[in-house]
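Participant: Sharing a structure, written as structure tokens. Questions coming.
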């Protein structure tokens, strides 16, 4: 029998064998992992969250962010006040197209860089290395604070809807700021508890949501058309423009109707923030974003047309704190009004749950890159649920704290809510602009706009700039301390805060997304198909 000479432990030959074996084992494990994990490794991160979301649940999640029935319920007053019935319809058609361009542009970038960091992470890829850290920093803070404001406003709106339903049932009851804030806090705590469950339960909830929402939307629209006796005619709905805002000329007042659409069709990248909780995110996430926004756009037009036909006297509707709830009350009576107001409340709850889910994943992703104070806390993933519970409750606490402002000033809290859409849209526009300015840096994903990319991206940036001007203006004239729009102050406050924070320490410690892949030497040599590449990625 042939006996081979044994190699001494620790000898150079022994280390070579071990290194080759370890490399082979790691590469083998990567090649057998699912494609989503391989893509994430190529982007520099180790997979830590459970991938439970399917194509349908990702679509439902994206639809839930808009919460069409509920968000129109809280924002219908703006086009109605700005230009009447025709503004409610045509502002949605015009502004919705601009929002679609933003959504498609976001989807294209998400397909290329499917991480929980979303557009914040993309900035590290679409800008030159010298620019990337500060761009990631500013976009990251705009996006995160915009999302937090969005969650706060959604749950505050849910509280208002619930109390409106109570008031319908008991006309002697008058909601107060204390009541609204108290109900809001309870709702937010409930949403925090829901988001503390494992991802598989959130995925099942998302599946239920889209069926419930569309069911409420369709039955509500049919009930209004069937039970409203004195409908407006088509000429009134599509051509009648009247301003109750005080702005002149009438055409300028009409523009404020765009605000309803921008508040409804926003937070496009929310689905991007759950990319690490779905398989094939490079395909499913952009498909969900684009398809959900198309659904929202089309159904939004139809729903606004129904409301315009059935709303009755616009002055009476404008005098109500909840115009759409008032339309249901007038057409369906007390029982129907309460039923559909509660339905809108439940839809808004789904919005709040999904928005908090996305915001917590954003916080977790930024903490992973050591961008936030006490990042080591917010980055923790619970060993049982495999979810970032600390990030969930940080966002919950911040949203409650923001809404406490309503106890002292409704003007201030409304300004904070107004800045939500502006901050989010600019957190999208910056990386979209970077993609246009430095096209050679962008690596196209499987979902892309092809030859239409530059045109769609360009219109998305121009539309963001245009609608931001409207967001910054007061919606009513004459301007008083009570109706002044302070959103511009809060927006530039957020931008100023991020830049000052950057100067005070960010630029010394932060170099952009850090990456957590277990072995960068090996991880960066494996492409999206699991094949070993010869060169390292930058």
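Placed from the backbone N, Cα and C atoms, the Cβ positions cover glycine too.
Remember, predicted model here, so these are calculated numbers, not experimental data.
The transmembrane segment annotation in TrEMBL covers 53-78, 84-110, 131-152, 172-194, 206-226, 246-266, 287-309, 338-359, 389-409, 415-433, 454-474, 486-504.
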Participant: Taking a Cβ cut-off under 8 Å, which residues six or more beyond the ends of the transmembrane segment (389-409) line up next to it in the same chain?
Facilitator: 148-149, 151-152, 155-156, 177-178, 180-181, 184-185, 188-189, 191-192, 195-196, 356, 359-361, 363-364, 367, 377-380, 382, 416
Participant: Can you say which of 131-152, 206-226, 486-504 has the most Cβ pairs under 8 Å with the transmembrane segment (53-78)?
Facilitator: 206-226
Participant: Apart from its near flanks, which chain residues at least 6 from the ends of the transmembrane segment (338-359) lie with a Cβ under 8 angstroms of it?
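Facilitator: Contacts with the transmembrane segment (338-359): 61, 64-71, 73-74, 144, 147-148, 150-151, 154-155, 157-158, 161-162, 164-165, 168-169, 187-188, 191-192, 194-195, 202, 205-206, 209, 212-213, 216, 220, 223, 267, 269-271, 273-274, 322, 324-325, 328-329, 332, 392, 395-396, 399.
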Participant: Hey, would you say the transmembrane segment (287-309) packs against the transmembrane segment (415-433), going by three or more CB pairs under 8 A that are 6+ residues apart?
Facilitator: no
Participant: How about the transmembrane segment (486-504) with the transmembrane segment (84-110) - do they touch, taking at least 3 C-beta pairs under 8 Å (6 or more apart in sequence) as contact?
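Facilitator: Touching, no - the transmembrane segment (486-504) and the transmembrane segment (84-110) miss the threshold of 3 or more Cβ pairs under 8 Å.
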